[in-house]
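The following features are taken from TrEMBL:
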TRANSMEM  A:20-41  transmembrane segment
TRANSMEM  A:78-100  transmembrane segment
TRANSMEM  A:121-149  transmembrane segment
TRANSMEM  A:155-177  transmembrane segment
TRANSMEM  A:189-207  transmembrane segment
TRANSMEM  A:245-265  transmembrane segment
TRANSMEM  A:299-318  transmembrane segment
TRANSMEM  A:355-376  transmembrane segment
TRANSMEM  A:397-423  transmembrane segment
TRANSMEM  A:443-463  transmembrane segment
TRANSMEM  A:470-490  transmembrane segment
TRANSMEM  A:515-535  transmembrane segment
Amino acid sequence: MSPTALLVPLVAQRIRRDRIQLVLWIVGTAALALMATAAVGSTFGDEAERESILRLTLLAPAILLFRGTPNGAGEGEFAVFLILAFLCLMAGLMNTFLAVRHTRADEEQGRAELVAATPAGRVLPTAATVVHGVLANVVLAVAVAAAFAASGLELAGSAVTGFAVGATGVAFLGLGLVAAQLFRTSRSANALSVALVIGAYVVRGIGDALGEASDDGLSRTAAWPSWLSPIGWAQRTEPFAANDLVPLVLSLGLAAACIGLVFVFQSARDSGASLLPGRAGRPSAGVLLSGPTGLAWRLSLGAIISWAIGAAVAGALATTLTPLVGRIGADAPAIAETLRQIGGPDASLEEAFTVTFFSMVGILAAAAALQAVIKARQEETHGTAEPVLATPVPRRWWLGGYGLVGGFAILVVLGFAAVGALLGALASDDPAASAENALKSALAQAPAALVYLGLALLVFVLLPRLTIAVAWALLAAGAFFGVFGELLGLPDWVHDLSPFSHAPLPVAGEVDWTGGFWMLGIAGAAIALAVAAMGRRELATDG
Amino acid sequence: MTTVISIHGLEKRFGSTVALDGLDLEVASGEIHGFLGPNGAGKSTTIRILLGLARPSGGEARLFDRDPWRDAADLHRRVAYVPGDVSLWPNLSGGEAIDLLARLRGGTADRAAYDARKQRLVEAFQLDPRKKGRAYSKGNRQKVALVAAFAAPAELYILDEPTSGLDPLMEQVFNREIARAAADGATVLLSSHILSEVEALCDRVSIIRAGRRVESGTLAELRHLTRSSVAFVHVPGQETAIEGLEGAHDVVVGSGRVQFTVDSDRVAALLPELGRLGVQGLTVAPPSLEELFLRHYGDDPAMLAGAEATA
């Protein structure tokens, strides 16, 4: 068979394997685009209000880290400002995961060997991955363009937006394939890829923030760092404004260079080998790794650090952006009203703003705790809980260790948020008050997060097979009803089901801790009940 | 002699599936007990109950005369366990996993002795302890579990198909470690379906099938339950005499040799008659464990033979 004929079954296998995963990524990204374009009309009011929001970015360029470069206040331009960088971030993650999944992960698992032993050989599967990835990006580009056009936006601008997202995806496909050549494990390759995607997002955010604003404050020329990032290149197409496809030559050129390099590496190296040698571990264990809690800590550490970094950023933003809040009240009444609904009727706008950010911190802390419990479940299904429970470790202690690590994770995440908030407050007019407000807000989230830890432990003991699904579903529901319930006009009792709506809030300088003590009691009871019940539960190893 | 493992009428059901259906098992202190059965016979379920990882649905299981479910943690001070399919923590090195499990078992109290034992085992099994768990092959994961088990001394070793994935050289190392443990007075429950391993190591054997024990005893006792095979050079004209031999079954004459089986307790009585026939190139083979095994697992020998013929 000719190589082209061999390529067909390889690509077909990739499409078949990814049929659900890729559909979710693409539909999710398009849905995000649709939500943003719809929000332009409903949340951000008329052109005058959009203009005032864009001018706010002059005061707080940090906002640009989370949005994009403004290119005018028209509906299309504003939608691009809101969402394009996010869409590129999604495309980047979708593509690097795709690249690693079909190359390094297959090699690591030994599946690549089966295929390499057929006439397809070692190199053709990588070519199939390139074809598969490019096809996926074409579909992604069409879906994003369709989402923009469906909101009634101009066709040319929608098409440029879609093309920009797709080209960014192809660039990251190339980068992901290179990462897969470098490391021996898919985990390392994925870690580097995700760092590249997030790095590209942050670098262009810095470039945008450092850029020079136009005289009317409605558009901005990005500084040089944005030119280092594929996401920056996508923004330079200026959809709906300039509609310039030339910057995407950089994205496609980068992809071509990466893919060329990958084929050079791939033809030169052994199957299963990598350019960088795998890192050796320690020959013996450190002091910390001496008991079930130490093990739980070691296994959860990576996840806790990621959540904590997110919380530190959220904390820093809460206090950095506070000075802006007064202006929002004057310039953008719709947004001010939204914030006030989250904060409650008596809160000042600044307080409402801080509360909004710290509700997110609370969600992050709860997520970190849930991951500790989910790790326990993964240990149980993966078969690594069994050797531990075959030693003199009682079942209750074993689970208690994960509970302890979950509680500690909450403290670490909230602590990082508080530190971030303190750093952000240094620049404000009244650092002391700002810092105290932030610290109280961080502490106030602990009881709600602990309730989630308790619930997750209970689910783990009573319905082990559903642990992961139920834990995330509870958190998503609580976050949604608690933070957005009032905005959506849901009845109070639905809103009150969420632990986050009972977090003690600093309102008018006073904090009512009653809800917090109630939740602490509930959390304590749930944790104690779960740990006690674990003494009566068998190991449930089947998924 | 005291009993270390004592199981009576043990039952375990998973929904409508019956994994153990009235199992009996006795393992005395200091013995190496072979625990034989095909896949799905209930060996691993029995071991999980003995380790307190699962609770019996009925019957009784005792470990050191205590309840393995209620007193699990306490009992595990005296137990070392090697699973058949070893899972390791992907981001922990083999050395870290070995140390962790040994510490959990309290086996590192005498630091110097533990380090020396670990060092000796790592070398004997030719294991690289610096590799991460995800980087080990199946055989090397098995070695990590074996080193962890033998690095801290135990009164009872529960080994669930411990040599799966090991090469013959490493199986020899494993056999030596078992002998060393037995010399120290330890008890071993060795679940396996590698018959040569059981024949080489075990004092007593229990064979289970479909959740019940079908046979138990020393290898010598079990051999009495089945037939020895006899073969010699065929001399034309002796057919009638051979057919008339008392106790001979399944006589086959062909390709220059005569073969038949005989009840093991009748072999001695048969020898003078063979002498009178003046047979040459005589071999008398005791029944192998394999035949025992086949007798209990091959439901119908004729069907087995048929399956082989079509395979």
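Positions of Cβ are set from backbone N, Cα and C atoms, glycine also.
No curator has checked TrEMBL annotations; they are predicted automatically.
When Cβ distances are compared across the two stretches, the transmembrane segment (A:355-376) makes no contact with the transmembrane segment (A:20-41), since fewer than 3 pairs at least 6 residues apart fall below 8 angstroms. With a cut-off of 8 Å between Cβ atoms, the residues of this chain six or more beyond the transmembrane segment (A:515-535) that come close are 394-396, 398-400, 403, 444, 446-448, 450-451, 453-455, 457-458, 460-462, 499, 502-504.
Beyond its flanks by at least six residues, the transmembrane segment (A:443-463) meets 358-359, 361-362, 365-366, 369-370, 372-374, 376-377, 399, 402-403, 406-407, 410-411, 413-414, 418, 470-471, 474-475, 478, 482, 499-500, 502-506, 511, 513, 515-520, 522-527, 529-531, 533-534, 537 of its own chain at Cβ-Cβ distances under 8 Å. If you count C-beta pairs under 8 angstroms between the transmembrane segment (A:397-423) and each of A:20-41, A:189-207, A:245-265, A:299-318, the highest count goes to A:299-318.
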